[in-house]
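Participant: Here you go, one structure.
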Protein chains: 2
Amino acid sequence: MRNLKMSIQYDGSKYKGWQKQKSDALTIQDKIESVLSKMTGEDIQVIGCGRTDAGVHAENYVANFHTDCQFKIETMMDYLYQFLPEDIVVKSMKDTSERFHARYNVKSKTYVYRINNNKFRNVFNRKYVYHTDEKLDLNEMRNATEVLIGTHDFQSFTSLKPNTKSTVRTINHIKITEDNGIIEIEVNGNGFLLNMVRIITGTLLEVGKGELKPKDVERILGEKKRSEAGPIAQAKGLTLKDVQY
Amino acid sequence: MRNLKMSIQYDGSKYKGWQKQKSDALTIQDKIESVLSKMTGEDIQVIGCGRTDAGVHAENYVANFHTDCQFKIETMMDYLYQFLPEDIVVKSMKDTSERFHARYNVKSKTYVYRINNNKFRNVFNRKYVYHTDEKLDLNEMRNATEVLIGTHDFQSFTSLKPNTKSTVRTINHIKITEDNGIIEIEVNGNGFLLNMVRIITGTLLEVGKGELKPKDVERILGEKKRSEAGPIAQAKGLTLKDVQY
């Protein structure tokens, strides 16, 4: 049986996230499984690298699936390109080892949160970038990221209810860059809890506005209480950039 | 009476172009006049720098309007920002001389046609960039532009019926650049006929594919017959970049 690994780009605006749901909610996984099943005549199960929130985008989401279908890679990709909606593109596909598992084998993931900090929104990226014209102190935001780097209990930075599962994760880096008023917060870590990047971003934005100090972020981390952290940043600004194996 | 000059950015995807029409067609001019009229309590007529086709975008469309309203520029811009739909943004506004006329005073305009020539479309710019994975010879396309530079009768490159008005225009430059598979065809001229940039682009694409030679473009120009030129390129790839006065 073949095991095929894919890299997928999607505009998450109209989807309820990656993962299929019991309800009729529109998800990216559903769309891809449905096209692959039609193509192969099998009931294809796609294993994704993790969930993404409703409205979140991906530049290189990684997934794999098993099939007996012997089509050439190029044929499969053309088929997917033709039958997937215009907001989902399978960018690459390759045969991989039988043991590869897109979720279990993840070493780390890189997310990027984009903020347009110019006076007005830009109509051309308005669906992929969060806009605020409030003055942000990027250096204070950078200082605040320092306490988040490393292995911590991120209970304050997730919408997961306490005591359901371990909320310990490792953040490898957070880089904040700015170019022409577009701020990017890039977060790399070994795994992310429900809404974690968006709540970290919402908290960093409060720091940027001067409503919180970097030392408050240290306190919030220690409190292990969601209510201590900042608000959840809008989904549309978040993109899964890459997955490392 | 004040005369206010505006620079406007819009995503033309869902509009029937800039100019208001007798029908109920949704146009950018209608949207802006309606918000300005509400703001001032006057029947505001906005003078645009020209028509743009249905589905064409603008980075800096220039328009002006006369009003007795004495609001500060900042107040007016905030009002427009709040009440215009999210795909139209008035980027700047200033008081200008009484005689300024956004259409009559145009010296030249710069349009850019964007083509994604990678294997697959990119979901994030799919509404603003035309996608084709056919191999394009950019040097041949550049050679073909040479015969178009200067003052010519562009009857072959417009959907305007012959003998309705003068079809003589001057093209100052056509620059073709490429970056990461995104090709930009930038055209600057003193004025453009109906569909002119899109038909020039459609013709240059035929040259890029080898279906026409640069010397064919010279012949087409001389024929002064629309049927000789290439097809009209999709509206979504075209953006009015700047207007010079």
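Note that Cβ sites are derived from N, Cα and C of the backbone, with glycine treated the same way.
According to TrEMBL:
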- A:8-105: domain 'Pseudouridine synthase I TruA alpha/beta' (DOMAIN)
- A:D53: active site, nucleophile (ACT_SITE)
- A:Y111: substrate binding site (BINDING)
- A:145-245: domain 'Pseudouridine synthase I TruA alpha/beta' (DOMAIN)
Participant: Under 8 Å Cβ to Cβ from the residue listed as 'substrate binding site', same chain, six or more residues apart: give me those in sequence order, or none if nothing qualifies.
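Facilitator: For the residue listed as 'substrate binding site', the qualifying residues are A:E186, A:V187, A:N188, A:F192, A:V197, A:L238, A:T239, A:L240, A:K241.
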Participant: Cβ-Cβ under 8 Å from the residue listed as 'active site, nucleophile', same chain, 6 or more residues apart: which ones?
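Facilitator: Once residues fewer than 6 apart are set aside, the residue listed as 'active site, nucleophile' is near A:G17, A:L194, A:N195, A:R198, A:A235, A:L238.
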Participant: For the domain 'Pseudouridine synthase I TruA alpha/beta' (A:145-245), DSSP counts of helix, strand and coil?
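Facilitator: Going by DSSP assignments, the domain 'Pseudouridine synthase I TruA alpha/beta' (A:145-245) contains 36 helix, 31 strand, 34 coil.
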Participant: For the domain 'Pseudouridine synthase I TruA alpha/beta' (A:8-105), DSSP counts of helix, strand and coil?
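Facilitator: Each residue of the domain 'Pseudouridine synthase I TruA alpha/beta' (A:8-105) counted once, the result is 27 helix, 25 strand, 46 coil.
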Participant: Note the mean pLDDT of the domain 'Pseudouridine synthase I TruA alpha/beta' (A:145-245), expressed as a whole number.
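Facilitator: Its mean pLDDT is 96.
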